């Protein structure tokens, strides 16, 4: 792609540079890979193949572990010891033998020291959501009527770790690793971010039990926004593990069973620490999907997206200055 000519990025032209222009600018390490010459239907087929692997591996391991009686043992074996490695290996086999690209091509490369910064940001994001509820007095800690048994605590911990690992690793490797890079090579970064983000949001419809228009909207829109946020992190850092830790820590605090934030009538006492939203307003409860679809979470997604876009724009402008020199 030809470089965009900018006479003086500090003046009038700077104001004309849009987010789309910035995202269409190719990363420095991008080279012709052959995917840009593939027909559009092959690109879609590649993406859908990874998507099918994701679901088929989940079905297979569920069948294999259905006979295990202990719920904690079953959850750990099914999700951590079977589904995680099986899905990862199947992804690699398809990428290696069909697409013929190494893991590094899909941004699955060795973590750098930069990951420590993203671990910190990973904690800031979920606690920012909780802080918004606290500031407006819309949340409180409720006590268990009876002490939790050790077996139940073990189950909650195992379930939470499993969700953090699966969401952090498998979902990000799928959506922001394989799909992102395939679409980025064929078209551009904007499509590579938005396409998987919309699919990511839609997939979470499988996790709700009420399919009214409001509940569907409260899953797809926030799900797409968080997908855009994750996509921008991958675009900025060019390393999948930075977004893996963000997603994993988010699940640890807002989607797990160690800490649970929910409306009064839902999920009572199904976590070690239960935070109750003291409102029945669907914009605060998030409807069927829960707190991750509520307005406080959406606000955090939007702020993070804005910061990432501003950072990307700043980085782009610095690059144009260097080209002029």
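Counting begins at 1 with the first residue displayed.
From the backbone N, Cα and C atoms, a Cβ is placed for every residue, glycine too.
Unlike curated entries, TrEMBL annotations are predicted automatically.
TrEMBL assigns the feature transmembrane segment to one of the listed ranges (187-207, 271-291), namely 187-207.
Here the transmembrane segment (80-99) lies next to the transmembrane segment (156-175) in space: the count of CB pairs under 8 Å, restricted to residues six or more apart, reaches at least 3. With respect to Cβ pairs under 8 Å, the transmembrane segment (240-259) is most closely packed against 156-175, considering the stretches 40-60, 156-175, 187-207, 213-233, 293-312. If you look at the transmembrane segment (293-312) against the transmembrane segment (187-207), you find fewer than three C-beta pairs under 8 angstroms, all six or more positions apart, and that falls short of contact.
The list of residues near the transmembrane segment (213-233) in space but at least 6 beyond its ends in sequence, with Cβ under 8 angstroms from a Cβ of it, reads 118, 172, 175-176, 180, 192-194, 196-205, 207, 242-243, 246-247, 282, 286-289, 292-294, 297-298, 301-302, 304-305, 308-309, 312. Counting only same-chain residues 6+ beyond the ends of the transmembrane segment (115-136), those with a CB under 8 A from a CB of the stretch are 233, 237, 239, 241-243, 245-246, 248-250, 252-254, 261, 275, 277, 284, 291, 296-297, 299-300, 304. On the 0 to 100 pLDDT scale, the domain 'CAAX prenyl protease 2/Lysostaphin resistance protein A-like' (156-253) averages 94 in this prediction.
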